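K.L.:
So TrEMBL has the following annotated:
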TRANSMEM  B:12-32  transmembrane segment
DOMAIN    B:13-154  domain 'DUF1468'
TRANSMEM  B:44-63  transmembrane segment
TRANSMEM  B:84-101  transmembrane segment
TRANSMEM  B:107-122  transmembrane segment
TRANSMEM  B:129-153  transmembrane segment
Amino acid sequence: MGLMDSLMAGLSLVGNVEAFLALGLGVLIGVIGGAIPGMSATMAVALTLPFTFAMQPITGILLLLGVYKGGIFGGSIPAILIKTPGTPASSATVLDGYPLAEKGLAGKALGMALWASCTADLISNLALILFAGWLASFALSFGPPEFFTLILFSLTIIAGVSGDSLLRGALSALLGLLLATIGLDLVYGTNRFTFSDPNLMGGLNFIAVLIGLFAIPEILSMVWNPRAHEGQTRSLGDNWVTIKEYLASFKSIVRGSLIGVFLGSIPGIGAAPSAFLSYSEARRKSPNRANFGKGELEGVAASEAGNNGVAGATLIPLLALGVPGDVITAIIMGAFMIHGLQPGPMMFIINVDIIYGLFIGLIVSSVFLFFIGSVAIRAFKFVADIPRGVLFPAVMILCVYGVFAVNNNLFDVGVMFAMGWVGFFFLRFQIPAAPFLIAFILGPLLEDNFRQAMLMSGSSPLILFRGPITWVFWSLTAITVIAIARAGWKAARRRGTPA
Amino acid sequence: MPERRLHLQLGIGAVLVAALLLFWAIPTWVSSPSNVRNIVLSPLFWPNTLAALTALIGLSLIATALRLPRAEKAASDVHDRPQAVARLVGAAVVMVVTFWALPRLGLVWTAMLAFAALAFLVKTRHPGWALGSAVLVPLLLYLFFAKVAGVAIPQGEFIRLP
């Protein structure tokens, strides 16, 4: 199928009111979810997921992508107005956003955040369109050994960068891999940790695990400390960002977007490191570097470009290789699977209409983000005023309904509650939850490809080194492990403590 | 929590989990056909590998903790620690009762009770709003999931909704 045919096929899928409404609604839900301290883009996507079951696959996935993009921007609103990042990705925005708000320039900071977010989002989407197809065609030549080494590489990155302790990240990923072994064995069909319960034979439900891990711990945190996340909201002020100010920060925005695209396309890194890297690069190159951290508009632009630049690029490994780029794309991957779609290189052949439909929808989402974001900035006060004592019980009920609706199975509700306590334990012991979830998703793929490779080779491990692709991934894995260990060791030395 | 205590507790926990897996859970709850000739193809291989790696990470955490300096006790993140623990126990009870009541009372009625219980557990400053929402939110969700998405919402043994 040629490019034009693919585009037309995609357009026929998304060229209807329902798809655009879903996208717009998704951006709105995302902005609200991201703007509520205590919620996050991840939680907003996880909570929206059950509502997509009744929709057409493309409509449901567009809704989730809208929530993702809206959520990443929405996090910057409380970061600027109440010094509380709505999502971890917005942490860098606090550095200059809040000092600007203190000076009465919150409107200017939020305006710049919006412009930078939309620009980065557009650049990121274009990168996805340009690179995903190319990478997918390359990945078509992958066999089980290549996929095994690729997933192993993805796991090393996840374990290393999702927290400030390599060991805690690795522990989290290992626990996720262990949880993924529950169910019938992939090759022999024998029981593994099923405890003679038929509910466990198919393994744990992915949605129950992810909602339990990302939504319930926030509810338990609120139970632990009901007065957290309460802050003084700053007024917007009279000033709004001008074209001149936008153009003055344009270089930093483009640089931050490209940093976001690069880091987002590597599975596991995510938006927060990208925002900080973009911010530090902007500070290094800016003539106003002395003003960074004290209320520099370019700092807000750089950090917002960095985190939104990731949003489209994280879909590159998801769509091209079937490997989620971050925890939100891991949830979106679940939505694909629920609708009977398997992200990966074959999708570019079997479901090319859906792929191009998503591309079109993503481009439109940048426009929606601009308009909905502008309104949301002004409406933030109402969002911030939602009483926590009403909001979080509602979230729990939403979780119960959503998890039940996946398989019409009450057992899944129990799994969600249990995972909620695991997630709360993770929160208290500073274990990052993202490696756990991604390892839980990638675990069966890792094992399956490993065992298929062993079956192919008569159990000779040499097959895992059979060609240049496997060597590239082994080398990347080794380089990453060394780099993470070195960075951890250096950071520990700076702090005067071991890694 | 101070870093040293955190790493020590996590390390001991990881080693215990690994030991539990290697010596009890895997031998008892992972079955492998007797004719599997190669260890790497056995259903036992992967769980054993992961349990061993967990033990290794646990030992590394303990080793790291022992190299850390002893720190002052960190301040709690809540001012009412005993009440906070009591609230957590309350939340656990709400979850257990919810799970137990779901097939008996039905999803909607259980959700209403769970909503109200959780709102009052955190001493909401808006009890009127909380009670109103406790009735409305589960009903609206029921309407969406049962009537729009076509999900068979459990109705329970007592009062059934249309």
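Using N, Cα and C of the backbone, Cβ positions are placed for all residues, glycine too.
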K.L.:
Do any residues of this chain, six or more beyond the ends of the transmembrane segment (B:84-101), have a C-beta under 8 angstroms from a C-beta of it, and if so which?
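P.N.:
Same-chain contacts beyond the flanks: 78, 109-111, 113-114, 117-118, 121-122.
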K.L.:
For the domain 'DUF1468' (B:13-154), provide the mean pLDDT of the predicted model.
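P.N.:
When the pLDDT values over the domain 'DUF1468' (B:13-154) are averaged, the result is 89.
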K.L.:
Within the domain 'DUF1468' (B:13-154), how many residues are helix, strand or coil going by DSSP?
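P.N.:
Helix (H, G, I), strand (E, B), coil: 105 helix, 1 strand, 36 coil.
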